[in-house]
Amino acid sequence: MASFIGTTIEWYDYYIFGAATVLVLNSQFFPTLDPFAGTLASFATFAVAFIARPFGGAFFGHFGDKIGRKKMLVWSVLAMGLGTLVVGLLPNYATIGIWAPILLVVCRFLQGFAVGGEWGGAVLMSLEHAPANKRAFFASFPQAGVPAGTVLSSGTFALIALMPQDQLLAWGWRIPFIASVLLVVVGLWIRLKVTESPEFLEIQEKNEVPKVPALEVFKSHKRSLMHGILCGFAPNFTFYIATVFLVSYGPKQLGIPSGTIFVALMIAASLQVFTLPFFATFADKHSQKKVLLTGCVLVAAGAFPVFALFSTGTFWGILAALVIALPILHGVSYGVISGFTAELFPTEVRYTGTSLAYQLGGIVTSAPVPIIATLLIQQYQSSNAVAWYMVISAVLGFIAIATAKTVRRKNGNAIARVDELTI
């Protein structure tokens with residue numbers, strides 16, 4: 001539960017930037033560009049975080065494997081809080097000129113750096129405290145914090161979007177960023193009370209801590225790293241299409257009010273908080289790999305219906321599209337992918353390996369998604385092009401998951417690599 005609450009707070013900080021991207025950042029920080037170019041520039045700034053995340057994963061992973069998971073989780077929430085607060089206080093382009101977008105990019109980089117260390121640490125603290133028969137279930141709680149953070153950020157901006165446009169642009173958009181300070185204090189209090197991972201303490205006691213975990217990962221676990229990078233294709237594509245691209249596509253291409261989309265997104269994300277641990281429980285009883293492969297098939301099958309429903313422009317059509325996309329298509333895989341990725345690596349390099357795999361994958365499978373989707377709409381004038389984009393991601397993810405091998409465990413210790421489909 002501590003991982004869930006802490007992750008919720010940190011991802012709230014992360015995703016309010018995404019919500020602000022499609023509402024105000026283009027006009028506040030890129031006013032010299034036309035609306036289309038300004039939107040792309042805002043998405044590019046949003047994407048900077050994904051470039052930063054592998055650096056954060058390597059940094060926090062290195063020290064997380066060397067001196068402990070807990071300390072790094074404390075520092076990650078502090079870094080995220082600082083980056084978010086500064087965005088809320090940042091003068092706009094009209095006030096300080098070119099320095100406004102430059103400092104915005106720096107803040108976004110810091111957010112990405114923090115999340116790069118947060119995800120792996122939160123997953124491992126849950127996984128490594130878990131009973132052997134509930135590892136996927138426990139590892140799903142940090143995952144559930146992601147949609148919970150989406151609920152908070154979407155709910156906040158649904159309220160902010162009700163403000164008069166002049167007040168929203170003048171100061172209203174800053175409220176969610178500055179208010180995050182209160183959440184960061186709560187997150188720190190929770191993180192400081194968490195006990196260290198028993199599996200880390202065990203390898204520390206046995207003096208099995210590697211000198212440079214990242215080098216060990218690239219030297220001895222290249223296959224695991226590559227599979228970890230690719231296996232998140234389907235859920236990551238689906239998530240960023242639903243929570244970033246559609247939030248921009250709806251108002252600008254279909255004339256749907258932003259508030260309508262944020263309310264539907266908040267409802268869908270609320271449901272996902274519960275579907276993630278549900279699918280993870282199913283994976284514990286059957287097979288993580290089989291559940292993940294099923295998730296890829298569902299994304300391929302559901303991509304076109306999601307866009308067809310969203311394009312109706314009605315609240316119920318939008319809600320149905322987002323409920324299919326998040327609690328179901330994304331939820332099947334995302335609740336399980338954390339434990340699956342973590343168990344591609346042995347304990348002594350797990351923080352580094354898990355963080356690098358997930359965050360390097362984010363550069364390819366998350367950051368470019370809203371940008372490429374926007375360009376596809378511009379080029380083909382049809383949402384079918386974006387739906388095919390999702391189908392391709394599902395096929396690539398299916399191949400990566402099907403050929404991956406996780407670490408079989410006995411009494412908490414890694415003893416062999418296995419293909420789950422054979423056991």
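Yeah, the Cβs are placed from backbone N, Cα and C, and that goes for glycine too.
Annotated domain 'Major facilitator superfamily (MFS) profile' per TrEMBL: 1-409, in sequence order.
Marked as transmembrane segment by TrEMBL: 12-30 (among others).
Per TrEMBL, the feature transmembrane segment maps to 36-60 (among others).
Long-range contacts of the transmembrane segment (72-90) within the same chain: residues 6, 9-10, 13-14, 16-17, 20, 56, 60, 63-64, 100, 103-104, 107-111, 113-115, 117-118, 121-122, 125, 174-178, 180-181, 183-184, 187-188, 191-192, 194, 351, each at least 6 residues beyond the stretch ends and with a Cβ under 8 Å from a Cβ of the stretch. Marked as transmembrane segment by TrEMBL: 72-90 (among others).
Look at TrEMBL and you will find 96-115 (among others) tagged as transmembrane segment. Sequence-distant contacts of the transmembrane segment (96-115) (same chain, six or more residues past either end, CB-CB distance under 8 Å): 10-11, 13-14, 17, 25, 28-30, 41, 45-46, 48-53, 55-56, 59, 76-77, 79-80, 82-84, 86-87, 90.
Look at TrEMBL and you will find 136-162 (among others) tagged as transmembrane segment.
TrEMBL lists 168-190 (among others) with the feature transmembrane segment.
Panel annotation: around the transmembrane segment (229-249), residues 15, 18-19, 21-22, 39, 43, 46, 150, 258, 261-262, 265, 268-269, 292, 295-296, 299-300, 306, 310, 321-322, 325-326, 329-330, 333-334, 337, 340-341, 357-358, 360-362, 364-366, 369-370, 373-374, 377, 383, 386, 389-390, 393-394, 396-401, 404 of the same chain, lying at least six beyond its termini, place a Cβ under 8 Å from a Cβ of the stretch. Residues annotated as transmembrane segment in TrEMBL: 229-249 (among others).
Listed by sequence, the residues of this chain that lie at least six past the ends of the transmembrane segment (261-279) yet keep a Cβ under 8 A from its Cβ atoms are 19, 137, 140-141, 143-144, 147-148, 150-151, 154-155, 157-158, 161, 242-243, 246-247, 250-251, 291, 315, 318-319, 322-323, 325-328, 330-332, 334-336. For 261-279 (among others), the entry in TrEMBL reads transmembrane segment.
Counting same-chain residues at least six beyond the ends of the transmembrane segment (291-310), those with a Cβ under 8 angstroms from any Cβ of the stretch are 231, 233-235, 237-238, 242, 246, 250, 254, 279, 282-283, 317-318, 320-322, 324-325, 328-330, 332-334, 336-337, 340, 383-384, 386-388, 390-391, 393-395, 397-398, 401-402. Residues or ranges marked as transmembrane segment by TrEMBL: 291-310 (among others).
If you look up TrEMBL, you'll see 316-337 (among others) marked as transmembrane segment. A Cβ distance under 8 Å defines the sequence-distant neighbours of the transmembrane segment (316-337), meaning residues of its chain 6+ beyond its ends; these are 136, 140, 143-144, 146-147, 231-232, 234-235, 238-239, 241-243, 246, 250, 256, 260-261, 264-265, 267-269, 271-272, 274-280, 283, 288, 291-292, 294-296, 298-299, 302, 305-307, 309-310, 397.
The feature transmembrane segment is assigned by TrEMBL to 358-380 (among others). Within the same chain, residues 36, 39-40, 43-44, 46-47, 49-51, 53-54, 56-57, 116, 119-120, 225, 228-233, 236-237, 239-241, 244-245, 248-249, 253, 341, 386, 389, 393 sit at least 6 positions outside the transmembrane segment (358-380) and bring their C-beta atoms closer than 8 Å to a C-beta of that stretch.
Taken from TrEMBL, the feature transmembrane segment covers 386-407 (among others).
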Same chain, outside the transmembrane segment (386-407) by at least 6, Cβ under 8 Å from its Cβ: which residues?
223-224, 226-228, 230-238, 241, 245, 288-289, 292-293, 296-297, 299-300, 303-304, 306-307, 333, 340, 343-346, 365, 369, 372-373, 376-377, 414-421
